[in-house]
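Okay, structure first, notes after.
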Amino acid sequence: MAGFTLLPSRLLAFPSRALPRRLHHHHAKLILRCKMSSSSSSLTQSITLPSQPNEPVLVSATAGISSSDFRDAIDSSLFRNWLRNLESESGILADGSMTLKQVLIQGVDMFGKRIGFLKFKADIFDKETGQKVPGIVFARGPAVAVLILLESDGETYAVLTEQVRVPTGKIVLELPAGMLDDDKGDFVGTAVREVEEEIGIKLKKEDMVDLTAFLDPSTGYRIFPSPGGCDEEMSVFLYRGQVEKETIRQLQGKETGLREHGEFIKVRLIPYRELWRKTADAKVLMSIGLYEMAQREGLVSSQRLKPNS
């Protein structure tokens, strides 16, 4: 197929597709003004939020958290984005019926020089009843996942990764996915990079369709995979392409990933018609739902791709 090249360095170049343009939506920016004062005797900070100016929030650290990790945690985009979400239009503190009393920083995991994961406990109370709502938070920030569909000889294949997932104790079959490295919000750029690292396919940004951009504005155009305990918000992208059967054969079982980062990945291709029953990965099942409904609404094409189109 013209325009398709299999590179020895594990990169594949896919031709451009005239898929529907990705919708561009952005979160409204909330200017957060915090007044902080530190205590020399313990790791504490007093934060004043705009929504409750007369009720300072005490932020403290559990035993074992260093002063530098405590400061980095408070200054991190993970923590500040969580505070912004509290005061956003649909935030917990928006209507004044609840109040944030204190936050206890319990764990900080560094990814190089930046905070990758943050664990804390927030004490938020309903003002009318005085009852505290569950507030254990595992903060990891925004992420992306990509549904890659490759058509070949009348069959459509989904491209998945097979990875070691220590939290589950299992090897999991899942969509290519990854976290944003910073708070600049380049979701589509991160999606393209993750596909290249995990699958060995080089895509173009303009060929990606943001399936989460079709959601209602009240969602913020993101999906929360586990809102009961984690702040992660995810964008799900779609890529469709047509390839030769030989490409399917070469991708199947291919070993990829950044070994120096502990990524031991195998590429698995599954017929799309069987995808919904082949894995318990929530990202896969979410992407199927988004893709199928977007097709039903005419937001993405349901027609098969033609060679050289």
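Every residue gets a Cβ built from N, Cα and C, even glycine.
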Could you check which of 25-46, 113-134, 179-200, 245-266 is flagged in Swiss-Prot as motif 'Nudix box'?
179-200
Long-range Cβ list for E194 (Mg(2+) binding site), cut-off under 8 Å, min separation 6+ in sequence, same chain only, gives V144, V146, P176, A177, G178
When a 10 Å sphere is centred on the Cβ of E198 (Mg(2+) binding site), how many other Cβ atoms does it contain?
24
